[in-house]
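A.B. asks: Let me give you the structure first, and then I'll get to my questions.
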Amino acid sequence: MQRRRRAPPASQPAQDSGHSEEVEVQFSAGRLGSAAPAGPPVRGTAEDEERLEREHFWKVINAFRYYGTSMHERVNRTERQFRSLPDNQQKLLPQFPLHLDKIRKCVDHNQEILLTIVNDCIHMFENKEYGEDANGKIMPASTFDMDKLKSTLKQFVRDWSGTGKAERDACYKPIIKEIIKNFPKERWDPSKVNILVPGAGLGRLAWEIAMLGYACQGNEWSFFMLFSSNFVLNRCSEVDKYKLYPWIHQFSNNRRSADQIRPIFFPDVDPHSLPPGSNFSMTAGDFQEIYSECNTWDCIATCFFIDTAHNVIDYIDTIWRILKPGGIWINLGPLLYHFENLANELSIELSYEDIKNVVLQYGFQLEVEKESVLSTYTVNDLSMMKYYYECVLFVVRKPQ
């Protein structure tokens, strides 16, 4: 039985407990809002917001539970279309129905893992409960939620599988290198260096930072990510114990049929192997609302994050306020704005040149800038189609 400790306040770095025994990574909830398919949390009375957040919590759990039904419908549709072909054409592909049966088995396995994840998340927040499911039965989930869930399965590849190592090396290593350079152990006590990772996803970057002894807190807004990161960080200790089939949803651009049904194994490391006395926690909620206390953080590390903003200047403003004087902001990522072209959504799409100008006008001092850091994001390494990003890496400092 792991010893539980109290999570830090959502707006402050955790304080070192001094205990050396293994502890759970604590998840504390700020305000997550209703999380409509696109857009910021809905504003209203406190009671309305609590109700909407509770409904969204159970809506995401329902999506995890509905996955198998949705995917079996997809496979059945493919089989019906195949059966509509002339007999002579079907006879050319005797292995095709067998391949679909293999996909069905992969779907069933994924569903088992997803049920395990959500069965463990009902009481995952140390400071919040969401009551009972009002529906009490599995309901059809939206296409939006199913797409989110499929994307979350690919996050396991990126963050916690051996398959994702090359992608992590491209995205996370440059950030970690800058942290080590700016806070060397010869001059800093790492446990006193407070580092925040907004948009933490499944938590691997924040975990790697905590592995180096720094006090690190990850922040994430998506319940899809939070449920999954809680499972990996707190319920997985045996290396490569679990497997998933993240590519079965991809029916195009497969060189071989076997590529579609190949598994990945996770976690590739023991998430419980943090050094004794490690100071690592996760918070759930809107980055801009949770983190309001000025001059709190020594370092803020953002990876594939700033383009998730409705207005990236709001992110810059928050980072400026919560960084300590002398603190640094490390950013790596592209500018694929998440709310671009969505109806009824504010979306300010700035070029990197504009963002840089705003950052400098706030008073940040530019120390590192690399404009062509090549990276992928949840890439299927055997796919016939891959997207590559030429990311920007910059390090800026808030003056003393």
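Any Cβ shown, glycine's included, is placed from N, Cα and C.
Since the structure is predicted, the reported quantities are computational estimates derived from the model, not experimental observations.
Got these off Swiss-Prot a minute ago, pasting:
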{"type": "BINDING", "residues": "Gln155, Arg158, Gly199, Glu220, Asp286, Phe287, Cys303, Tyr315", "note": "S-adenosyl-L-methionine binding site"}
{"type": "BINDING", "residues": "Asp307, His338, Tyr389", "note": "carnosine binding site"}
{"type": "REGION", "residues": "1-49", "note": "region 'Disordered'"}
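Give me the lay of the land around each of these features.
C.D. replies: Secondary structure from DSSP puts Gly199 (S-adenosyl-L-methionine binding site) in coil.
In the three-state DSSP classification, His338 (carnosine binding site) falls within coil. Counting every protein chain shown, 12 other Cβ atoms lie within 10 Å of the Cβ of His338 (carnosine binding site).
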A.B. asks: What does DSSP call Tyr389 (carnosine binding site) in the simple three-state scheme?
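C.D. replies: Assignment for Tyr389 (carnosine binding site) reads strand.
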A.B. asks: Where Tyr389 (carnosine binding site) and Cys303 (S-adenosyl-L-methionine binding site) are concerned, what is their Cα separation in Å, rounded?
C.D. replies: 13
A.B. asks: In whole Å, note down how far the CA of His338 (carnosine binding site) lies from the CA of Asp286 (S-adenosyl-L-methionine binding site).
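C.D. replies: If we compare the Cα positions of Asp286 (S-adenosyl-L-methionine binding site) and His338 (carnosine binding site), the gap is 15 Å.
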A.B. asks: What is the separation, in Å, between the Cα atoms of Glu220 (S-adenosyl-L-methionine binding site) and Asp307 (carnosine binding site)?
C.D. replies: 15
